[in-house]
Every structure is written in C-alpha cells, then in structure tokens.
C-alpha cells in the first residue's frame, strides 16, 4: 500500500543532549528519519535541544526548534505548527517519555495529533514492567522471577520472593540509570531509594539474578501487514550482570544453535505483535541459562536504540530510515534496499558473511574515586565497531580502534610478582573496563579455558578464540623478526594482528614491519557491506578491510578525491561535535564536485552512514589502516583537522609517508601545541600568556610555584580534555598532586601555569585562508577561567565584555592566524583579567564549539573551512564579515555525575561533560534559562538558598544575596559567609558545616530544606567540605553552582520564563540576514 495521504506534517522529537545511555546514535536515527520523510514530501517539524547534531541543521527539517524537550514546549510547537502526527521513536527514552506525558495530559487528543511509529499502548506495555510481564505470560514466554515496587516497603516484600542476589531496574529510565545488583539488605535499600527517585513513574522492577547467563539481542522490523524481519542477531560476549551498553558484543550471534536461533527469532516477532508495535524497529533482549538452555525475555524497546544503530552499521540495513517510512504506511516489500538497488527490497532479511565486534569506550580516569566495576548501570561514554572475516580479526581491529594505547591483547601485568595471579583472578571475576586484556593475561600465564570460564561465565567458544591469539603471540616472540616469512605473516594478518602489534612482539618498530610487509607485497583487500553475502552487486561503496585475494574496492579514476579522517569512538573531550564537522566536510566536498571518502569506526555516528560520503571505509583510525586506504585511493588530499586528536596525533607520521595533508600544515599544528615553540610565537607577536614554567620534580615545582605565585594550574604536558589538570592553592596541594595524580617514577614534564583567578575565559572560532580571517564567534564563558571550556556554559555574543576588549581579541586572533599560517578552522582561548588579555591556547583545527557557533550565527563554519582547505578563498565564498547576532545563544554543558557515585562534582580544569544543549533568547538571561531547562536543571523559583563561599568571593556574594532576597528566597549561610552578609545588613540563618556539629548542611539537605546552593572553595579543607555539599545536592536533586559567575547567571535566568518565546532556527537565521541587509 502507498504512503498515508491524511498526514501532511510530522513533528519529530529528538533525544536532547548526549548523556551516558543515550548518545549520538539518536542523531543518526533522527537524521535518517528527517531525510526519509522529507523526500516523501511531508513537512517536517523538529524539536531537539542539542546543537551538535546534524538533525538540527536548518536544511534537515522545514521548521527546526532548538528548544528544551519539555511537554509545555511541545504543546506550544503543536499550537503554532499544527502537525498532523508525532514521531517519538527516533529520540530515545527522552522522546518516548515526552510523548507519554503529552498523552497523559491530553494534549495530543486536544489538538488532534496522532502518534506514529508506536502507539501509546505499545509504549506502555513495553516500558511498564507489570504490563510487559503479563504480555509475556500470554505468549507462554518466561520472564525473570520478579516483582514491582513503588516504595521501599513494597520492595522488601518483593525481595522475600526473589531473594539475593537481585537486579533492580527503575521504570522509564535509560542505560540502566539508577539500577544495580544487590547482594545484601543495605545495598538493596540504597539502590531502591535511588531508583525510586530517578524513575518518572516511581516504579521499580526487582528481578531474580541472571548473572552468568548468556545475553542476546534481536533487531526486529515489522510493517502494518505483519511482515516481520530480523535485521540482525547480536550476542553479548560478557554475560548477564553487565549492562549491554558496557558489554563487548558480536554480530551475528556466534554460539546459538540453529534451533535456539529460530526459537528466539519466532519469539521476537510474537513479542512485537503482542506489545502492539505495528510498524517500525524494535530491540528484543533475551537471556539463556548455559547450564540448561532455559530462555527468558529480558525486555524490549519499542523504538530505535543504541543496538539499532549498531545493527544498521553491521548489516547496511538502515533501520531508522525504513522505520520512518513504515510509520507513514509503506510496507517492507514496497521499499527498495539502498545497498543492492533494484535487486532486493527491504523485506529481505540481511545476510552477512563477516563478523562485527563492538567494544565500549570508558573514561573512568576522568572521575577519580568512582566505582569502575561494570554492573547493570551503563557507564561507557562511547563505542567502536570493527568488521573482519573472523572473530579474531574483528576483535583485534576493534581493540586498536578504541584508542586506549593497545595494539592488540597487550599485557596488563607489568611484572610477575607474588600477587599477579590474584590480580588476574580478581579482574576476571569482578569485571572492569579492561577485563578483555586480563583474559589474555590469564592464558598468557597458564590458566585454562575452564579456569577462565568459571571466573567470567564467558562462553568457551570466545575463550578458545582469544587463547589461540595468545598462543600465536608466543610463537611470534619465539620465531622473532626472521620468522616473519610470507605464509606465516599472511596467516597473522588474517588473524587480525596489526603491524604495530607484531613490531612490539618482535622488538622492532612499526615502520620496519611495514617495510617488510611491503617487500613481501602483503596488502589488505576491501570487501563491501552488501546485506546479502555477495549474492547481488552493490550500488554503495561501504567497505572494510580483510586479508583475502579479491578486492571489491574498485576505486574511481577521479583526481578530485579527498579523504576525511573521523574521530573514532566518542569520549569525554572528543565527541559528536567532531563528527558534525566531518559530516559537513563530506557534504561540502560533494557539493563542490569532489569525491568524499570517509574513514571512521564509530557505529553511533552520522559520518558512518553509507550515504553521507561517496565512499566509506569502516576502519580504525591507525597509521597502518589509513596508509593502506591512501595507497589504494590515491587522494588529492587528506583532512586531519576535523576528527579531534585522533587523526592529528598521526600528522607527523603521515607527513613522513608522503600523505598529502590539506589545510593547516602539521608543522603549524605542532607550533601551536608545542609549549616552547608557541611561547616563542607569542613573544614574537608581543602578546601575553600567564606566567608559566616546566618542571620534572616536586622540589623544582616548589621553587617555580613560589616565583609564579599561588594558585597555579598544574598538568602533564600533551594532555587531552584537561586530563590530570588541577588548580593548586598551596604547597600542600602541590605535594598531593605529585603523590596522587602522577605515576611513580614520573618522567613526563609537568607544566605550571599562573592561575588567573576571577578572570573571564573567552573562546573564539575563526577561519583563515592566508589572506583573510573570518571571526565565527566570540564566546564569553559564564564560569570563570579555571573551569574547562568544555564544562563551562558560554554566551554568543559576549554578555559582559566591552567592545574595546572584543576588538583587541579580534586583532590578536588575526595576528595569530597569519603567524601560524592557518588554512581552515582555528580555535583560540583567552583569559581576560583587569582588561588585560592573556592567551591560554591556540588549536589550529576544528573545535567542539563549531556546531554551536554555526547554529548561533547561521553559517556552516565547517563547510566554509573545508572549501578554504581545497583552495577557495573566503572572498570567493562571500564570507568575510563577522556576524554578531541580534539575539543571544547560550551553550550549557551536561555532566554525568549522577552516574558516578562518590565522585567530586566540583568543576575544574579537567573536562567531564558528555554533552551540551543550546538556549536561544532575546537576551542573555532568557537564553540561559532555556539552556538550564534543556540540561534538565532542577531549579526551583522559591524556597531557601544555602550560601557558602570562599573568602575571595565574600564581597561578590553580597549583590547576589540582595538579588535572591528580592526574588523571595530565604538565605542560610555558613559561618564566614554569614558574617560577611551580616556586615552588609543582610540577614541569614547560620548553618553548620559537617565537621562543626549538628544539625549540619547534610541534615538540612536530607530534610529537603534547600532549593538552591551556591558553594565556592579554595583551601584543602574547603574542597573536602564542598565535595560533600555538592554530592549531597546531586543526591537530593538540588541545583548548585560552584562559581559566583555561574550563580549570577542562574539568578538572572530565574527572572525569565523559558517556555514563553519559541522560534524556529530558520526564522532566527532569517533575522540575521535582514539585520545585516539593513546595515
């Protein structure tokens, strides 16, 4: 049947900011949905608060709202745009929950808006644990022994039936948020209390323990005629007890018998029918007891998910695109398979002749003190996917793609002391993020398959594969470099061994192994992802490398080829913003007649969609992989400046190997990143930097710190995302840094910088073509200097900087751009103190602020920049004038502290945010209020405020207290702050710090007495107190600020209604055009 004609316009809900459990896979699905429905002629209205997404580009929808995803905002959009239908299945749990709230409040019925993609009843049956269990019983499918609880008393009644250990999962949350495994009454009560707080429906599902069971997932698509297909089966290498998002997964499933697979397949289809998923994609999860084969249904998601993105990239079947078209009435047999063209339709189940492995990426090092053990609550921040002909090839490629410094199954045991076997056993039994390497060590040091299975419950089939890799490593070591004859070398490559890994094992360097391989004429071939195991020819060039005879790459003879290197797996400091730039690069190149070739290994991203570039190589971003692609494609140029540090760190090696890098040269990049070279540049230009020094020892640090003066910023050289950076206020803090943060026998130079307290930090994005510099935007940070730029909110245009200071910033940006010979994008960070401008750092590459600035000013900076890199000047493109919008845009960071209990949540120089939101308003305060709502800031507009600030902030707090009083807040203050307030005639209630006696701050927080907390600190004891306060504020959902500037911005925002004014990005950008036309 053809598409629905009674629908003319569709409102799509996005997923909002990137958070743990809900990442950029929903930008991928949302972008696919927008494109699919727009090409069918529907008017598309989009709501998403995340500016770093491709789906919020103005050309993706007819009306794009970069506003908070909140039911009242959605109602205003419905009133204004009058959509016929709402599609909530592309925006993760955020969109589903919003749709349920709209239905509950009667808004959809009131305005006659129908939900497509999934009915409200289907969402409820899938998400509500009791309804889901009832549905499974009707199908004679088992679920885990469980019970529902809505309070602690009910929870303990369920526990009597379920017993220990048990798994606790809050309803309507994502990524296992708020859940956990309880082994005793104390843990049980703690997890239940937290789960009840986080569940929107105040509901818990308490399950019997399935720890050690095998876990599987089925990606299912169904149409309105009840045609059902299994797109992909996925097997978790890690057993139940570890969240599937934190587990290594393999597709297709490797250890199911055909009978088990068919039972699971049929059950999946029956579940979709019973739940009522009439059209679209769903994910169904199963567990199998390896001892007796008992199968139970864990859960199902009636929407596209993280696994849907993985399955789409693993098979080439675009689940989100197909689901969007099914939602408007098409059937599977009416839709063509984009990969095979007219050869097959979407009703053909994909068949694959390769193995896909996904490995999650963790950032525990960013959260000292957090529990790094893997449980039912998701903790990973990204993932990598690799494709190979065998599991061994696939997993070794995935390990390399992770970018954690591993070339393969590197040993984690540095010396065989008396404890090494105990450590291996502990790491196998109580899984952390590095368990896969400890499995390698277990076999390396003599443990058997059964030993490892008993400790991990990982299926022996996988363990046999890993053990064989370790045995091969021993053989490589034994034979040495001279043993690398053609047949053995070729055999190793087919097993997934990289040049780098072989080099380590033979005690050679990578270039020596590469030269030998070239001499032996050993090169990979490229196979195509075709959905049909090579049964039909493909119309798309979506490829992976392997080691066989026939190559299917078939590169064109086009001499206008450009390779774009992506950013690999998401991590804190390098996320979706860089993928946004890579996608824009591909789009601009294709628009200008270039052949765009993408190289990346992240399955969540838009850049790895097969139709974004002309050719896609799904490969790790390593020297070996990129050189082989360059060899076969022979590009005119390679772009390394858009994928963050991942491709940049290979720049010098590329240059040595003759790779044609376009844009800013590697030498210029090194000048900016090398401390000594950059200092010379700054001095030559007669610009200013904060006082600084480089030291190796603590004694040296004491001496230099005395010269610079406390407080100082301390960090190792060459760090990413502020890694291991700290602000030190006194000699004791310096000693503590050397003892606790640095490894023993540290040989890395330590950088000391003057910390400019009370300085305002400024970010500038600009483009230089060698003749002209285009200022993209001057962003003023809301938190003062010392908070990592990625964690600070910022405003464009600047909201307090004078025009004189801004003009001087512009002058300095231009001088630096020309001196560094920048060709393309650059980002400069400044600190302003007492009207003096200090340069913090310069990055001659794309920065994480590029998407935000592009949305704020209405110019696609990444596209303009890539054209500059390809030889088109700014003048030729018509972009030479800085745009200062006649409205304000605020970018606010979203932090994951609620996922990491016990971590110090005070903001500092080490970046820890996972995502961002954008607020747009007629003035700064309105824009900031919207960004707060978009970031789910729980800010009440009345009640009692706690003020506890350091001595240096006491003068500034007076004005803040006056403003809070005017708003009707009552004030509590700690001793020193209370005295300062009293001197200025402001009354407050005195409250004790924890070490000062009871009742103290913690007691009052537990009693729900506070609506808002302002807490700044400096000294060692103050930091300890502050950590306790902020952690408690998080626990009890009280908004807090740890900088006075942040507090002033919050108070300004309290005067605004973030829901009052909404406008489309298209109209906002039109205002800019009209504004500059009138000028």
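Each residue, glycine too, has its Cβ placed from N, Cα and C.
These come from Swiss-Prot:
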- 2-403: region 'Carboxyphosphate synthetic domain' (REGION)
- 129, 169, 175, 176, 208, 210, 215, 241, 242, 243, 285, 299: ATP 1 binding site (BINDING)
- 133-328: domain 'ATP-grasp 1' (DOMAIN)
- 299, 301: Mg(2+) 2 binding site (BINDING)
- 299, 301: Mn(2+) 2 binding site (BINDING)
- 404-553: region 'Oligomerization domain' (REGION)
- 554-936: region 'Carbamoyl phosphate synthetic domain' (REGION)
- 679-870: domain 'ATP-grasp 2' (DOMAIN)
- 829, 841: Mn(2+) 3 binding site (BINDING)
- 841, 843: Mn(2+) 4 binding site (BINDING)
- 937-1079: region 'Allosteric domain' (REGION)
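Positions of Swiss-Prot features highlighted on the structure.
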residue : record                : Cβ neighbours (10 Å)
129     : ATP 1 binding site    : 24
208     : ATP 1 binding site    : 18
215     : ATP 1 binding site    : 23
242     : ATP 1 binding site    : 25
285     : ATP 1 binding site    : 20
299     : Mg(2+) 2 binding site : 18
301     : Mg(2+) 2 binding site : 25
829     : Mn(2+) 3 binding site : 20
841     : Mn(2+) 3 binding site : 14
843     : Mn(2+) 4 binding site : 20
Inter-residue Cα distance where the pair is residue 299 (Mg(2+) 2 binding site) and residue 129 (ATP 1 binding site), in Å: 9
Proximal residue to residue 829 (Mn(2+) 3 binding site) among binding-site residues 208, 242, 299, 843 (C-alpha distance): 843
Secondary structure content of the region 'Oligomerization domain' (404-553), with strand meaning DSSP E or B: 78 helix, 12 strand, 60 coil
Entries of 208, 215, 242, 841, 843 which, being binding-site residues, have CA atoms within 10 angstroms of residue 299 (Mg(2+) 2 binding site): none
Distance [Cα-Cα, Å, rounded] between residue 841 (Mn(2+) 3 binding site) and residue 242 (ATP 1 binding site): 40
Between residue 843 (Mn(2+) 4 binding site) and residue 242 (ATP 1 binding site), the C-alpha gap once rounded to whole angstrom: 38
Averaged pLDDT score, the region 'Carboxyphosphate synthetic domain' (2-403): 93
Whole-number Å value for how far residue 301 (Mg(2+) 2 binding site) lies from residue 242 (ATP 1 binding site) (Cα to Cα): 18
Inter-residue Cα distance where the pair is residue 301 (Mg(2+) 2 binding site) and residue 215 (ATP 1 binding site), in Å: 15
Three-state secondary structure, residue 242 (ATP 1 binding site) (per DSSP): coil
Pairwise CA distance, residue 285 (ATP 1 binding site) versus residue 301 (Mg(2+) 2 binding site), rounded so that it is a whole Å: 9
Assigned conformation of residue 129 (ATP 1 binding site) - DSSP reduced to three states: helix
Rounded inter-Cα distance in Å - residue 301 (Mg(2+) 2 binding site), residue 208 (ATP 1 binding site): 21
Secondary structure content, the region 'Allosteric domain' (937-1079) (per DSSP, counts of residues): 75 helix, 20 strand, 48 coil
